[in-house]
Amino acid sequence: MPDADRRDTQEKGFLNHMADKEQRPLPGRSSQAGKLPQPEKKLQEAVCVLLVELCERFTFFGIVCNMILFCTVKLGYRSYQAAIVNMCFVGTSTLTPVLVGWLAEYLVGRIKLVCICMFLHFLGTALLPVVSFPFEDVYIDRRHVLHTLPKREQKIVFYFALLTASLGIGGIRAIVCPLSAYSLEDCGPKELLSFFNWFHWLVNLNSAVVFVSISYIQQSVARNLGFLIPFVSGLMAMITIHMVRGEMIYKPKADGSLLTTFGVIFSALKTCCVRYRYFGTGVTNWLDHAKENHGGQYSETQVEGTKSLARLFPLFAFQILYRTCIMQIPSGYYLQTMNSNLHFSGFVLPVAAMNVISIVPLLILVPILECINSWLFSSKDSGHSPTIYIVVGHLSAALSVMVAGFSEIHRKHFPQVEQTLSEEVLLVSSMPCFHLAPQYILLGVAEALVTPSCSLLSFRLVPERMRGISMHFLALFNGAGCFMGAFFVQTAHAGTQGNWFPHLLHEGKLERFFFFLASLMVVNTLGFWTIAHRYNNLHQDCTNEFRGSLPGEKLLKHEKAIKRYNTVLESSPILSPMEKT
């Protein structure tokens with residue numbers, strides 16, 4: 001029977017492949033196959049990745065920190081339009097790493113795409129100062145005729161610069177310094193939470209420096225020094241070129257893809273609808289309809305990986321509205337600060353410097369949380385899960401937006417005064433901007449609790465081969481939260497004829513927008529609290545559980561069990577020789 005012999009040969013080959021895969025070490029960087037890099041090279045790689053990460057965040061926060069002020073004062077945008085532009089840029093920069101990561105794997109190639117993204121990043125950051133800092137600050141001829149760029153061309157160059165910069169940011173985050181480049185495969189829950197805490201601590205420390213320095217330079221001192229941003233981008237490009245030449249660009253394992261995951265979901269939905277309509281359902285999980293033995297197009301390996309990822313979709317979905325609240329810092333909160341009194345002891349504070357108040361709680365809380373986590377994870381029976389951090393963080397975000405509504409009512413009770421921002425005289429409330437500090441602090445507490453915990457759950461609760469895809473899905477939902485914030489602003493402005501999100505804050509009811517968002521966030525928090533128990537067990541080995549469900553692994557286990565049973569029969573003194581034969 002040739003078919004049976006061929007099937008036996010295929011099964012034996014698959015078993016040998018799976019057995020070899022068990023003993024094969026995990027692939028690392030692509031420098032030398034089969035050899036571990038030297039400690040010096042590992043240190044150099046870590047330093048380069050960290051420097052690129054910090055430079056990228058420096059340029060990103062440098063663009064975001066005063067975008068609303070530039071759009072309203074220089075481009076003549078309404079307040080709600082400036083807020084939408086800022087949130088859309090942040091959302092696009094969050095989503096582009098997912099797109100660029102897919103392009104690097106399937107269409108262009110990693111090294112070639114790195115060079116393209118670095119060029120786009122430098123082009124975007126070089127064009128932004130050209131638009132933001134008008135030519136009259138640089139070029140004045142002998143007749144003192146000012147060479148200004150027309151508004152229409154200025155807006156075109158501005159949007160083109162934002163688009164190219166966001167694409168470059170996506171390439172850097174996806175290829176040069178992805179999360180998998182930090183070699184977290186063998187870390188436990190305690191080590192992973194510690195890494196995410198300190199990683200976000202370092203990123204926010206960098207952003208605090210940017211918000212204080214760059215925002216002050218752009219707003220008050222010498223706006224042409226804003227060319228410091230493309231200089232940092234160029235420095236980042238040189239470090240990246242050094243990494244390319246030294247073969248230090250991380251190359252992940254091509255075990256799964258985002259397209260395969262979407263394909264499994266759509267195939268399961270299609271097959272599930274057809275079978276439910278005509279034959280009824282006969283599987284335990286709706287995603288099983290995508291398996292080949294149930295009429296689908298995908299193997300059991302691919303479907304089981306997607307099933308483990310699908311458990312996290314409710315967690316991701318509840319982060320959308322939370323991210324919308326966080327996006328009030330560069331939109332609604334920024335406008336409140338911009339329309340408050342920024343004078344402090346004869347010194348005009350930069351508007352974006354108030355963002356530092358939201359960063360300070362995170363910088364303080366991370367060391368405290370490290371001590372708490374060390375004590376909680378030391379007890380193996382405690383079953384500690386960071387879901388309680390997420391619930392408390394969501395409550396803190398809801399309370400922050402509610403406080404912002406009351407602060408807006410309080411701000412309108414103060415008389416108006418004139419204030420000069422970026423050489424423009426504005427009528428603002430005489431309330432000191434420090435009265436807005438509580439809402440910033442509460443959002444900072446929320447970020448310290450939620451972001452590292454969500455990263456831990458997204459990374460830990462899926463098999464190793466699905467971790468990169470899981471982090472991509474988290475980025476997709478975070479980006480959706482940014483765009484949802486822009487949608488809320490547009491809808492609130494259009495639906496209330498500018499009353500809920502006015503251009504001049506003292507003429508509208510911005511507090512109603514905050515109260516509406518706070519009520520939605522309270523409902524969102526209660527919803528997550530009802531499902532938080534699904535993510536309590538961090539100590540389950542998802543990799544082994546996932547692998548044990550595959551047919552190859554089951555065959556290996558059965559083969560080992562048969563060999564052990566034969567050994568027991570041969571060595572058993574109870575059975576007689578006749579029984580053994």
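Note that Cβ sites are derived from N, Cα and C of the backbone, with glycine treated the same way.
Bear in mind that TrEMBL entries carry predicted annotations, made automatically and left uncurated.
Now, the feature entries from TrEMBL:
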- 1-11: compositional bias 'Basic and acidic residues' (COMPBIAS)
- 1-38: region 'Disordered' (REGION)
- 58-77: transmembrane segment (TRANSMEM)
- 84-104: transmembrane segment (TRANSMEM)
- 110-135: transmembrane segment (TRANSMEM)
- 156-176: transmembrane segment (TRANSMEM)
- 198-217: transmembrane segment (TRANSMEM)
- 224-244: transmembrane segment (TRANSMEM)
- 347-368: transmembrane segment (TRANSMEM)
- 388-406: transmembrane segment (TRANSMEM)
- 473-493: transmembrane segment (TRANSMEM)
- 513-532: transmembrane segment (TRANSMEM)
Quiz item: Going through 84-104, 110-135, 198-217, 347-368, 513-532 one by one, which has the most CB pairs that fall under 8 Å from the transmembrane segment (156-176)?
Solution: 110-135
Quiz item: Relative to the transmembrane segment (473-493), which of 84-104, 110-135, 347-368, 388-406 accounts for the most Cβ pairs at distances under 8 Å?
Solution: 84-104
Quiz item: Is the transmembrane segment (84-104) close to the transmembrane segment (198-217), in the sense of at least 3 CB pairs under 8 angstroms with a sequence gap of 6 or more?
Solution: no
Quiz item: Against which stretches of its own chain does the transmembrane segment (84-104) lie, if we need a Cβ under 8 Å and a gap of at least six residues from its ends?
Solution: 60, 63-64, 67-68, 71, 77, 110, 113, 117, 162-163, 165-167, 169-171, 173-175, 178, 257-259, 327, 330-331, 334, 468, 472, 475-476, 478-483, 485-486, 489-490
Exercise. Report, as numbers and ranges, every residue of the chain located at least six residues beyond the transmembrane segment (388-406) whose Cβ falls under 8 Å of a Cβ in that stretch; write 'none' if there are none.
Key: 318, 322, 325-326, 328, 332-333, 336, 369, 436, 438-443, 445-450, 453-454, 511-512, 514-515, 517-518, 521-522, 524-525, 528-529, 532
Quiz item: By a Cβ-Cβ criterion of under 8 Å, what residues six or more beyond either terminus of the transmembrane segment (513-532) are in contact with it?
Solution: 314-315, 318, 321-322, 324-325, 328, 332, 385, 387-388, 390-391, 394-395, 397-399, 401-402, 404-405, 408, 488-489, 492, 500-501
